[in-house]
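Notes for the one structure printed next.
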Amino acid sequence: MVTLYGGVEGGGTRSKVLLLSEDGQILAEADGLSTNHWLIGTDKCVERINEMVNRAKRKAGVDPLVPLRGLGLSLSGGDQEDAVRMLMEELRDRFPYLSESYLITTDAAGSIATATPDGGVVLISGTGSNCRLINPDGSESGCGGWGHMMGDEGSAYWIAHQAVKIVFDSIDNLEAAPHDIGYVKQAMFNYFQVPDRLGILTHLYRDFDKSRFAGFCRKVAEGAQQGDPLSRCIFRKAGEMLGRHVVAVLPEIDPVLFQGEMGLPILCVGSVWKSWELLKEGFLLALTQGREIQAQNSFSGFTLLKLRHSSALGAASLGAKHIGHLLPMDYSTSAIAFYSYTFS
């Protein structure tokens, strides 16, 4: 009888399941809707997981009544012990044929396990931002990830908000803008389709949509690429804020992570990283300064990586490892390095 291992990438918008053979071959995949239990509740979350795994089983030519050997789930909110325990109980009680064993981890743990064998830093900058350190022993610590009301520094939302605020404060004569506001002001009116600042208030309060507001970041990026000094300045500052998140976790990093040939592996997740060239100056500045204070001797360099495979792959590998089976992983195909730096 065929032995299968499964992995789930549980996102806030979309989810993915991969089924693997014992020798690490991907046999089937299935896509689905959000499986974030904070957004949709535990019941719907486990139903969607069961439905996706069964769909993948059928694609792999396996009877849905034959349980997987192990299922690893990489879920946002997978670090809340009570919620994880409840999810496990629901999966076992309601769907006894789904899998023989389960491991639920954070989305960051699944991501890094897809990219490297020993852990590293996951630095997320999409609509929001977050930084998670996963040490070789599986222990985690982090900085950020508290949402737009408390932070999300360096994210698309933060960049959009900075741009809008600099324009408002400059017109009010509250704070002088570091550069001419002309481009950003006009881009702001065009993007939100309003004639003046009062029109923007609708988008900030009555009709507030975080993703839509964060989307203005794209217009700031376009300005920066065209050479607008204010847009470039905002992105440089965003790079600095993201770098400071890495500096914040330096004291917690197992020295082993500094010693590989790539230096500290930093996995970059989220669409803001598409503008790496605009973030670069501020990012390097923050890490160079932070390193002098925090970890000068051991922190000699780093490599930025991006995933080429779903983090469901890393989740499957962690789920298998949890029951003593090592799935062969080809890290060179599952992640790609796009920037390396050695401190002088």
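From the backbone N, Cα and C atoms, a Cβ is placed for every residue, glycine too.
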Select one of D63, D107, D172: the residue that Swiss-Prot places in the N-acetyl-D-glucosamine site alongside N36, S129, N130, G145, W146, G147, D152.
D107
Considering the ATP binding residues T13, T127, S271, S275 given in Swiss-Prot, which of A177, A214, A335 is annotated for that site as well?
A214
At a 10 A cut-off on CB-CB distances, which of the binding-site residues T13, N36, S129, N130 has the highest count?
S129
Of all the recorded positions given, namely T13, S76, A214, S271, S275, which is spatially nearest to W146 (N-acetyl-D-glucosamine binding site) at the Cα level?
S76
Quick note, S129 (N-acetyl-D-glucosamine binding site) and Y205 (phosphotyrosine): C-alpha atoms separated, nearest Å, by 22
Using the structure shown, find which entry in S76, T127 (the recorded positions) has the sparsest Cβ neighbourhood within 10 Å.
S76
Given the binding-site residues T13, T127, N130, G145, S275, which lie within 10 A of S76 (phosphoserine) by CA-CA distance?
none
Counting Cβ neighbours within 10 Å across all chains shown, tell me which of the binding-site residues S271, S275 comes out on top.
S275
